[in-house]
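Chemist: These came from Swiss-Prot, pasted as-is:
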type	residues	note
ACT_SITE	50	active site
BINDING	53, 92, 495, 532	ATP binding site
BINDING	94, 533	Mg(2+) 1 binding site
BINDING	95, 96, 97, 98, 117, 241, 313, 314, 315, 535	substrate binding site
ACT_SITE	96	active site, proton acceptor
BINDING	118, 269	Mg(2+) 2 binding site
């Protein structure tokens, strides 16, 4: 057959496909001729950042990805971790940033759909979801619209699909004005012997298309996700996919039923770059070629070209290599669920990716060079600058700490996210033990009497901007700490690395140092990275986002009756600070929100201290010594105890300590927790802390209806609650954004 070429391949067309001149020359050298238009689209999709990780691959290899519980690390649709009794948890986090800015509802909804597919493609039934959302400053004209659309999209898809949203984050910063971030996490449960991978095995086997029909939605989506935005952003709306959670629910049930039948050899969901990426990955991983016949692809639009079919990112679709003798059984299962089932090709032994449309060969390419041997860059990078030290004595104090506390707890970044999570179904499936609003979400493991899992997602972007290395460490440490604060043992993590343009050495430097920090923390805390995603080119008109390496993690609770949450304080309990008093105000919320300053270094993360203090806290929780626990992060001690008071509906009378009041109250030193315990248990905790070398201070007693800290803070729990709960609903109702 001759290869037809439907369009002239011009320099403008090459540039429009996101390919650099040297990359196009590499294509010419590789195939010895000019590519067809369809082939150009295939190379564009497979060689962009979104699919190939060409700028980050070198550095991602340095991350720790193995451990005694790790069954499957990076490289598959999701990571797999052993939780005992033949069970495993399957999880991943992934970005849907660019589509969510252009079309917030569908962008966020299909982000949720995509991550759920990644999990059930592995053979796991999804049991939990989270989402980490970053928006522009509240008074930016688009922020309210984007928040509303994204939250509705996340809830609309997750609720209809039937998975509980158990946690997440919402932040606001002007650096996200032109590029919001939507990072979606999902976890599922499977049996050890029920894990399915994407590596095709065997020659001449049928390649089967499953799920919804193919349309033109999302054509070029992966390429768009690898580019900066500019003034033409609205023109990119057609590249956003449209999701249908009910079809996805049917796809889940059909896939799990088919997997149980023993028919599946390999399976890959169609995400970024659709049919192209899924077929190439399956073949390249198995050292096989793939031949596709596009005339057999189920379509929902007329006159679709080969280019459009290969690059469509229509949702709720899978590609599978099937045992031939199981074909009729497989078809019957998918027909029963009202889904398309079509044999669209076969595996071959020639390592070629061949695409046939209307009797013509429109693509014939070396499959390994598209897949696991795609280009890889060692981009130049600059060491990020360091901030000068900032002693607390050089940071101004406020006249009224009660007013300061009310302002901070009612601020955009620290106020309650109830407005967000009440739009999500947090209880569906009936296993949720701790819902959003605490340190981590907790769910029971179905079919097990006592076992539970904890989930958290964390990063502090302003720390990463000030010091990407310490910021990367801190993201891991805080995720580990939040999981620990429930009494769970952190098992493993997934990363979602959101950065600007890697072609700028200063941005590449942020990425390199953040990965270095993440790796160091994961090694020290035995918290390996088992899956992840990189999202680069998050810039608009040259303005990059804050570096945002989101870390999500999973922890195991052997007995869910021995857990802690932030709202468990009882009258008469003693509060104990574990980890020492605050001294560090550099890059703090106190400095930023009260004085509009972003100076000083990010707090240093002492990983040995993190591990020692965290293991001590976990032991106390599991031994039944603790009635409530909260880790310290943004806003320090004052915010932590205020949140505990609000969630418990109880006041407390606490000692202010001996340090500078603003540092003790609002310092953001790491590796710290506040625990509540009965008076007797608090004595035991203090005694044990002394023996373990864990710094501690007995803060005071729970009771009354006000939070009193020495003679510097005296605020009623009712006023704290009003401030905490009031900001978000007020903002979304259209009230002017105030500084309180």
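Here the Cβ of each residue, glycine as well, is placed from N, Cα and C on the backbone.
Describe the structural context of these features.
Modeler: For the recorded site, residue 50 (active site), the DSSP three-state label reads helix.
The DSSP secondary structure for residue 532 (ATP binding site) is strand. Residues near residue 532 (ATP binding site) in space but far in sequence (CB under 8 A, at least 6 apart, same chain), listed by position: 60, 74, 92, 93, 494, 495, 496, 497.
Within 10 Å of the C-beta of residue 533 (Mg(2+) 1 binding site) there are 23 other C-beta atoms, taking all protein chains into account.
Under DSSP, residue 315 (substrate binding site) is assigned to coil, being neither helix nor strand in the three-state scheme.
In the three-state DSSP assignment, the secondary structure recorded for residue 96 (active site, proton acceptor) is coil.
Classification of residue 269 (Mg(2+) 2 binding site) by DSSP places it within a strand. When Cβ atoms from all protein chains are considered, those within 10 Å of residue 269 (Mg(2+) 2 binding site) total 29, not counting its own.
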Chemist: For ATP, with binders 53, 92, 495, 532, what's the maximum Cα separation in whole Å?
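Modeler: Farthest Cα pair among residues binding ATP: 16 Å.
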Chemist: Let me know how many other Cβ atoms fall within 10 Å of the Cβ of residue 96 (active site, proton acceptor).
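Modeler: Its Cβ has 32 other Cβ atoms within 10 Å.
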Chemist: A 10 Å Cβ contact count, applied to the binding-site residues 95, 97, 315: which residue has the minimum?
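Modeler: Per-residue Cβ counts within 10 Å for the binding-site residues 95, 97, 315 bottom out at 97.
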Chemist: Using Cβ-Cβ distances, find the residues under 8 Å from residue 94 (Mg(2+) 1 binding site) that belong to the same chain and are at least 6 apart in sequence, listing them in sequence order.
Modeler: 111, 114, 115, 118, 183, 184, 496, 533
Chemist: Note the Cβ centroid of 53, 92, 495, 532, the recorded ATP site, then list each other residue of that chain whose Cβ lies within 8 Å of it, in sequence.
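Modeler: Here the nearby residues are 60, 74, 93, 94, 494, 496, 497, 529, 531, 533, 534.
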Chemist: Measuring CB to CB from residue 117 (substrate binding site), give everything in the same chain under 8 Å that is also at least six residues away in sequence.
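Modeler: Within the chain, residue 117 (substrate binding site) has Cβ neighbours under 8 Å at 77, 248, 251, 269, 271, 316, 318.
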